[in-house]
Amino acid sequence: MSLVYLMATNLLVMLIVLFTLSHRQLRKVAGYVALIAPIVTSTYFIMKIPDVIRNKFIAVRLPWMPSIDINLDLRLDGLSLMFGLIISLIGVGVFFYATQYLSHSTDNLPRFFIYLLLFMFSMIGIVIANNTILMYVFWELTSISSFLLISYWYNNGESQLGAIQSFMITVFGGLALLTGFIILYIITGTNTITDILNQRNAISRHPLFIPMILMLLLGAFTKSAQFPFHIWLPKAMAAPTPVSAYLHSATMVKAGIFLLFRFTPLLGLSNVYIYTVTFVGLITMLFGSLTALRQYDLKGILAYSTISQLGMIMTMVGLGGGYAQHTSDELSKFYILVLFAGLFHLMNHAVFKCALFMGVGIIDHESGTRDIRLLNGMRKVFPKMHIVMLLAALSMAGVPFLNGFLSKEMFLDSLTKANELDQYGFVLTFVIISIGVIASILTFTYALYMIKETFWGNYNIEKFKRKQIHEPWLFSLPAVILMLLIPVIFFVPNVFGNFVILPATRSVSGIGAEVDAFVPHISQWHGVNLPLILSIVVIIIGLILALVVNWKEVTHQIIKSASITDGYRKIYREFELYSARGIRALMNNKLNYYIMITLFIFVAIVVYGYLTVGFPHVHQLHISSFGPLEVILSVVTLIIGISLIFIRQRLTMVVLNGMIGFAVTLYFIAMKAPDLALTQLVVETITTILFIVSFSRLPNIPRVKANLKKETFKIIVSLVMALTVVSLIFVAQQADGMPSIAKFYEDAYELTGGKNIVNAILGDFRALDTMFEGLVLIIAGLGIYTLLNYKDRRGQDERE
């Protein structure tokens with residue numbers, strides 16, 4: 001149950017932060033209260049490292065909807081532990097950084113940290129979920145919380161557009177992911193991820209295997225900003241920098257990669273998956289690194305660099321996916337090397353990219369700009385950030401003595417050995433190496449170019465709006481700590497490799513500790529080999545390009561004619577146009593029109609059900625005994641109902657409608673149900689009175705003459721609806737699928753202590769229904785109250 005308690009702790013902290021919203025003095029400490037959640041979460045995961053290394057996994061399963069195998073199924077293994085550590089430890093730094101970044105006087109701190117806590121809670125849920133539907137719920141929660149965080153400064157138009165764009169693309173991917181999970185359930189009959197992976201060989205032979213893979217890939221590519229779905233990530237940079245440092249470099253964008261790692265033992269059985277992921281990753285890596293060079297905004301450079309680095313990791317996920325087809329032959333060592341390298345670089349990227357974002361945030365916060373055309377010579381003002389960002393950028397570029405060099409070497413080693421695989425010949429291997437090396441050169445170029453344009457050159461204070469610029473040490477602390485980790489990981493890589501990456505590799509492989517024999521030992525020096533030569537080539541050419549070429553002009557000419565963002569905007573505008581037309585066609589302010597649409601949909605669903613399972617048998621209908629009173633009431637009700645179709649006077653219609661309600665009251669009396677009769681009488685009386693009282697507030701609408709065609713159509717609709725309801729009564733009488741609950745009602749007094757069966761039903765047997773019905777009424781009341789207050793502030797308006 002420890003995982004449940006962990007999630008509950010995060011929710012509790014969220015509630016405490018929510019409480020600070022109503023207290024002005026407490027708002028200032030909302031960030032420090034929120035900091036408790038990542039500290040507790042990271043402490044928990046660190047304490048579980050020894051257990052996971054010994055293959056002692058933590059699992060919790062609580063029934064939710066067991067009939068369709070949807071349960072609160074949580075599991076902590078090596079892969080979820082690694083991602084959990086990244087989410088929580090980076091979270092500690094980002095939460096603290098955010099307390100210094102946001103203004104205590106102008107920013108709504110509790111609201112921001114509630115959103116951030118919701119996101120962290122959702123990400124933890126994704127990585128420990130062992131049920132596909134539960135994972136999907138958390139998956140969409142990350143999209144919702146990301147939308148809220150990107151639009152935090154909602155008065156900014158860029159924030160609004162970025163939030164909508166990211167939400168639409170990631171939710172589209174989420175729906176595709178859900179489709180893939182449903183296909184998996186159709187194939188296997190289970191939603192439990194471990195059970196699904198155990199059936200991987202049977203699943204791979206199913207005709208729906210490839211469609212399922214494509215759906216999961218859509219979910220992963222949209223979430224992890226892979227080409228051509230990458231366009232949401234640069235627009236998301238309108239969010240506060242702590243959001244960019246956390247969501248868009250270290251956590252949310254890694255969710256798609258986590259998904260593919262989790263299902264690698266299954267997905268890797270298909271060459272379609274291997275080719276698609278590998279080449280989409282390479283294209284994304286190349287496109288992102290090239291596009292980063294045409295940016296003026298520091299966060300824009302980092303956004304495209306993140307896209308490029310995600311493409312690099314995705315390439316390794318694709319190359320290593322073939323392990324599912326070679327779990328015990330001579331190629332196993334290569335596949336495990338690639339998967340290990342992908343996990344290693346994922347960790348390294350979280351460290352150096354988060355440090356870069358924090359550095360950019362400090363520069364922007366203190367100087368008021370992120371434009372590299374204005375930021376020359378900033379090393380004189382931000383000496384600590386100069387060192388932090390220089391080391392982080394060089395690590396991203398793959399320079400020796402920094403952690404990025406180790407994983408970049410492993411990446412290049414993987415590319416050079418691709419020709420040993422069954423899926424790749426000499427030509428494909430040459431293409432893969434060429435794209436990988438070119439993208440690596442461009443990565444080195446934009447990394448050094450960013451540092452050169454920001455920190456080197458002549459400093460001119462007149463370019464800045466703020467004339468007093470300083471570098472707060474407390475603000476810089478999280479970035480400095482991350483910077484120190486960069487060389488530490490390089491010099492002691494196997495500490496992280498053995499305690500974090502090895503258990504994750506076991507989980508990805510699907511065979512546990514048996515994979516240990518193939519896991520590489522991370523070394524800083526492998527001798528002079530092809531990957532080292534390629535690294536030297538990357539550094540030399542990258543230095544020349546970064547210091548000599550004017551990349552703004554070059555890449556602007558290359559990319560300006562192929563803007564995917566313009567295509568997205570055109571599609572979005574068309575979507576808005578057709579949506580507006582559809583809304584205008586449906587929402588014509590005529591209540592009877594709305595009711596007919598609702599009834600039509602209801603009848604269509606019922607008819608579809610009958611066509612699918614068959615129509616009810618009329619000869620099996622059981623008709624209860626009835627007397628003269630029931631006959632009279634039925635005839636009176638029928639006459640009143642038909643009259644309502646033709647009558648135009650409001651008062652008469654309300655009175656007749658009330659008479660139908662009173663007739664129902666008499667029905668209840670005839671059936672010896674006095675409580676229901678009394679309730680119906682009171683409700684009907686109050687409703688009728690409220691209708692009549694409201695007449696004085698209603699506008700004068702000209703009386704419309706009766707139209708024979710319209711009235712005939714209304715009668716037909718009424719008859720069809722009546723026949724549908726009667727047919728459902730037939731079905732209810734003939735249904736025998738579920739056990740009777742009459743025994744509960746017979747024992748109502750003993751079970752509930754209630755002498756009134758209706759009270760027992762509402763207060764005990766269906767207590768949750770009653771509670772949620774009351775909650776719906778409360779929410780509706782709050783909505784009406786809000787609208788009335790809004791009207792009072794805006795003034796009286798006849799349309800309102």
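Yeah, the Cβs are placed from backbone N, Cα and C, and that goes for glycine too.
According to Swiss-Prot:
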- 29-49: transmembrane segment (TRANSMEM)
- 78-98: transmembrane segment (TRANSMEM)
- 167-187: transmembrane segment (TRANSMEM)
- 209-229: transmembrane segment (TRANSMEM)
- 241-261: transmembrane segment (TRANSMEM)
- 272-292: transmembrane segment (TRANSMEM)
- 300-320: transmembrane segment (TRANSMEM)
- 424-444: transmembrane segment (TRANSMEM)
- 472-492: transmembrane segment (TRANSMEM)
- 627-647: transmembrane segment (TRANSMEM)
- 676-696: transmembrane segment (TRANSMEM)
- 712-732: transmembrane segment (TRANSMEM)
When counting Cβ pairs under 8 Å to the transmembrane segment (712-732), the leader among 78-98, 167-187, 627-647, 676-696: 627-647
Cβ contacts the transmembrane segment (272-292)/the transmembrane segment (424-444), at least three under 8 Å, sequence gap 6 or more: yes
Residues of the parent chain within Cβ reach of the transmembrane segment (627-647), under 8 Å, 6 or more residues beyond its termini: 653, 656-657, 659-660, 663-664, 666-667, 670, 706, 711, 714-715, 718
Chain residues outside the transmembrane segment (472-492) and at least six past its termini with a C-beta under 8 angstroms from it: 93-94, 96-97, 100-101, 347-348, 351-352, 354-355, 358-359, 362, 365-366, 384-385, 387-388, 391-392, 395, 401-406, 524
Residue numbers, six or more beyond the limits of the transmembrane segment (78-98), whose CB comes under 8 Å of its CB atoms: 31, 34-35, 37-39, 41-42, 45-46, 48-49, 52, 112-113, 116, 120, 123-124, 127-128, 240, 242, 245-246, 250-251, 254, 258, 261-262, 343, 346-347, 350, 354, 358, 361, 475, 477-479, 481-482, 500-508
